[in-house]
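Now, the feature entries from Swiss-Prot:
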DOMAIN    5-235  domain 'ABC transporter'
BINDING   G41, S42, S43, G44, S45, G46, K47, S48  ATP binding site
Amino acid sequence: MNKLLECRDIRKVYREGSLDTEVLKGVSFDIDKGELVSIVGSSGSGKSTLLHILGALDDATQGEVDFLGQNLSALSSNKQAALRNKHLGFVYQFHHLLADFTALENVAMPLLIGGIKVTEAKQAAKALLEKVGLSHRMDHRPSELSGGERQRVAIARALVNKPDLVLADEPTGNLDHNTALAIYDLMRELNKESNIAFLVVTHDNELAAKMDRQMHMQDGLLVDRLMTESASVEG
């Protein structure tokens with residue numbers, strides 16, 4: 001495998017008045033192209049902050065993030081945005097779908113914003129919604145979908161630009177257990193089909209174990225790394 005993402009000694013300090021709070025305390029790890037990785041940790045352990053830095057949505061106080069061979073902190077904000085829009089996908093605990101638009105329109109939106117023609121954008125969105133099992137729900141608005149269906153739409157939207165890496169922050173936090181398991185199975189299936197890497201942060205050890213590799217975060221540090229041979233077991 002080739003290195004997709006490299007993190008070296010990532011530290012993040014927030015200052016309020018004279019008080020410094022160190023949220024990340026020197027995080028280092030790599031992700032290979034097409035790899036499925038989870039980071040497990042309780043609320044407040046630094047997982048979401050790390051994800052924001054990896055997605056070029058926030059700056060590290062210290063350390064370096066290289067994505068596709070580029071040092072994120074060395075890029076201008078415009079170049080960061082261009083890299084983010086083309087090579088990264090995002091899935092959150094709350095789906096953040098646009099309430100007045102259908103599932104098809106929500107998935108097509110990133111392409112339309114990027115200047116793709118409406119016909120092409122809708123064709124790509126339709127193909128992805130079919131892939132996530134929602135061909136019968138394309139014309140429904142978010143309020144007409146179940147929680148699991150809304151999150152499937154959010155995943156399809158994250159994939160529509162054909163990113164190299166999807167960053168998922170508690171993507172099943174609002175779903176019941178069985179639906180959450182189905183969403184993780186979907187991510188594995190999409191990974192196998194497209195070789196898109198996934199980095200998922202969660203507090204649920206059982207769900208995290210569905211990824212190829214799990215890392216554990218505690219108090220701003222990766223405290224251990226557990227490898228699972230799920231691919232060989234499944235094969």
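Yeah, the Cβs are placed from backbone N, Cα and C, and that goes for glycine too.
Structural mapping of features recorded in Swiss-Prot.
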| residue | record | Cβ contacts under 8 Å, 6 or more apart |
| --- | --- | --- |
| G41 | ATP binding site | K47, V201, H203, H216, M217, Q218 |
| S42 | ATP binding site | H203, Q218 |
| S43 | ATP binding site | H203 |
| S45 | ATP binding site | M217, Q218, D219, G220 |
| G46 | ATP binding site | K12, V23, L24, K25, V27, M217, D219, G220, L221 |
| S48 | ATP binding site | D169, E170, V201 |
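Annotation note: G46 (ATP binding site) sits in a coil segment as assigned by DSSP.
In the predicted model, the domain 'ABC transporter' (5-235) shows an average pLDDT of 86.
Take the CB of K47 (ATP binding site) and look out to 10 A: across all protein chains shown you find 23 other CB atoms.
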